[in-house]
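Undergrad: Can you keep this structure in mind? I'll have questions shortly.
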Amino acid sequence: MSVPSSLMKQPPIQSTAGAVPVRNEKGEISMEKVKVKRYVSGKRPDYAPMESSDEEDEEFQFIKKAKEQEAEPEEQEEDSSSDPRLRRLQNRISEDVEERLARHRKIVEPEVVGESDSEVEGDPWRMEREDSSEEEEEEIDEEEIERRRGMMRQRAQERKNEELEVMEVEDEGRSGEESESESEYEEYTDSEDEMEPRLKPVFIRKKDRVTVQEREAEALKQKELEQEAKHMAEERRKYTLKIVEEETKKELEENKRSLAALDALNTDDENDEEEYEAWKVRELKRIKRDREDREALEKEKAEIERMRNLTEEERRAELRANGKVITNKAVKGKYKFLQKYYHRGAFFMDEDEEVYKRDFSAPTLEDHFNKTILPKVMQVKNFGRSGRTKYTHLVDQDTTSFDSAWGQESAQNTKFFKQKAAGVRDVFERPSAKKRKTT
């Protein structure tokens with residue numbers, strides 16, 4: 001493998017860490033150190049633009065690709081730099097890129113901390129060729145730059161003229177139809193889109209225009225709705241008048257019937273003296289009934305006052321001698337084994353009627369049978385049903401719950417039973433109406 005003479009002449013690089021090949025203004029390549037900045041998550045790099053559009057993103061990617069292509073082996077750089085045609089083409093491409101970027105933004109390149117001690121030197125023959133070709137390149141570049149500047153000025157002037165024409169047309173449209181103007185969002189692309197051919201306007205007759213037809217259809221529809229509303233209002237008015245007329249007829253007919261009924265009454269055969277005598281009898285009965293009720297109430301109050309003035313022994317003797325008369329007193333019957341109990345109730349027992357004097361303790365339905373001969377397991381209520389009982393009766397069953405709080409022998413329970421519990425204290429005094437204060 002042959003090594004180029006230019007590389008042989010270069011002094012050896014002691015360390016290439018952090019060094020990248022950089023091309024200077026003369027087209028020479030040298031290794032320069034760059035300042036490596038620390039990467040911070042979520043922070044924008046220094047070389048990245050603050051704001052960018054789609055066109056700038058594409059240009060930024062193009063610059064990255066161009067830089068990647070520059071970082072090639074030094075052998076290919078030496079071969080390309082020796083050819084003046086390739087060098088002129090590269091310089092022209094780089095100038096185009098720089099000119100395009102200058103119109104948009106400025107690319108921040110990596111900061112150069114320092115340069116290497118030795119730079120790459122070309123051979124004498126290549127240096128002479130470069131000096132001779134630089135003058136030709138400068139002349140070509142000046143002409144090219146002047147031509148491009150003229151084209152850019154012409155393009156800018158054309159764009160400005162078009163914008164003025166569009167603004168004049170929009171101003172005329174706004175003055176003619178201010179009520180129908182609406183805000184629209186328009187998207188403009190590059191100059192190529194603006195230079196597209198415009199369509200020729202076509203005249204449309206007024207009767208064939210869609211907006212006029214829609215306006216006429218809307219007016220016709222509104223007119224139909226108004227006519228329908230008037231028709232509905234007229235129908236409601238007629239219906240209301242009909243209801244009022246019917247109500248008036250009903251009132252007239254009712255008045256006629258009442259007058260006919262009054263005329264049908266025959267008062268010729270009435271006797272005023274008989275009516276007066278009947279009225280006197282009714283009034284006498286009412287007076288007698290009121291007097292009896294008043295005397296019974298006074299008698300009851302006097303009896304209550306007399307019983308209150310009696311002593312305890314006299315009251316007991318009085319009750320034994322004159323027992324309380326109970327209306328519809330029930331006969332205490334004997335219930336059979338597992339017989340169902342029916343409660344007579346306490347309402348309306350003050351009325352003396354035969355139905356309230358029946359024996360409610362008499363057996364009914366299946367209670368007529370003797371259930372003592374049944375097996376022990378069947379001697380329960382509702383046997384074989386969902387409402388059956390657990391025990392036959394609670395006479396031989398101890399249902400005391402010894403785990404309950406009130407069944408425990410504690411100081412708190414003992415104090416409660418001695419002081420507050422009813423039926424467990426040795427007190428046989430008659431309770432008074434007023435509550436005694438306990439200390």
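Including glycine, each Cβ sits where the backbone N, Cα and C put it.
Straight from Swiss-Prot, here's the annotation block:
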COMPBIAS  1-17  compositional bias 'Polar residues'
REGION    1-200  region 'Disordered'
COMPBIAS  23-34  compositional bias 'Basic and acidic residues'
MOD_RES   Ser52  phosphoserine
MOD_RES   Ser53  phosphoserine
COMPBIAS  61-70  compositional bias 'Basic and acidic residues'
CROSSLNK  Lys67  SUMO2 cross-link
COMPBIAS  71-81  compositional bias 'Acidic residues'
MOD_RES   Ser94  phosphoserine
COMPBIAS  112-122  compositional bias 'Acidic residues'
MOD_RES   Ser116  phosphoserine
MOD_RES   Ser118  phosphoserine
COMPBIAS  131-144  compositional bias 'Acidic residues'
MOD_RES   Ser132  phosphoserine
MOD_RES   Ser133  phosphoserine
COMPBIAS  145-163  compositional bias 'Basic and acidic residues'
COMPBIAS  178-195  compositional bias 'Acidic residues'
CROSSLNK  Lys249  SUMO2 cross-link
MOD_RES   Thr267  phosphothreonine
CROSSLNK  Lys357  SUMO2 cross-link
MOD_RES   Ser361  phosphoserine
CROSSLNK  Lys371  SUMO2 cross-link
CROSSLNK  Lys381  SUMO2 cross-link
CROSSLNK  Lys415  SUMO2 cross-link
CROSSLNK  Lys418  SUMO2 cross-link
MOD_RES   Ser432  phosphoserine
Undergrad: If you run the three-state DSSP split on Lys381 (SUMO2 cross-link), which class comes out?
TA: coil
Undergrad: Kindly assign Lys371 (SUMO2 cross-link) to one of the three DSSP-derived states: helix, strand or coil.
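TA: Looking at the DSSP assignment, Lys371 (SUMO2 cross-link) belongs to a helix.
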Undergrad: Using all protein chains shown, find which of the recorded sites Lys357, Lys381 scores highest when you count other CB atoms within 10 A of its CB.
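TA: The largest 10 Å Cβ neighbour count belongs to Lys381.
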Undergrad: Per residue, counting other C-beta atoms within 10 angstroms of the C-beta, which of the recorded sites Lys371, Lys415, Lys418 reaches the highest number?
TA: Lys371
Undergrad: Among the modified residues Ser94, Ser361, Ser432, which residue has the fewest other Cβ atoms within 10 Å of its own Cβ?
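TA: Across Ser94, Ser361, Ser432, these modified residues, the one with fewest Cβ atoms within 10 Å is Ser432.
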Undergrad: On a C-alpha basis, identify the one among Lys249, Lys357, Lys371 that is nearest to Ser94 (phosphoserine); the candidates are the recorded sites.
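TA: Result for Ser94 (phosphoserine): the nearest of the recorded sites is Lys249.
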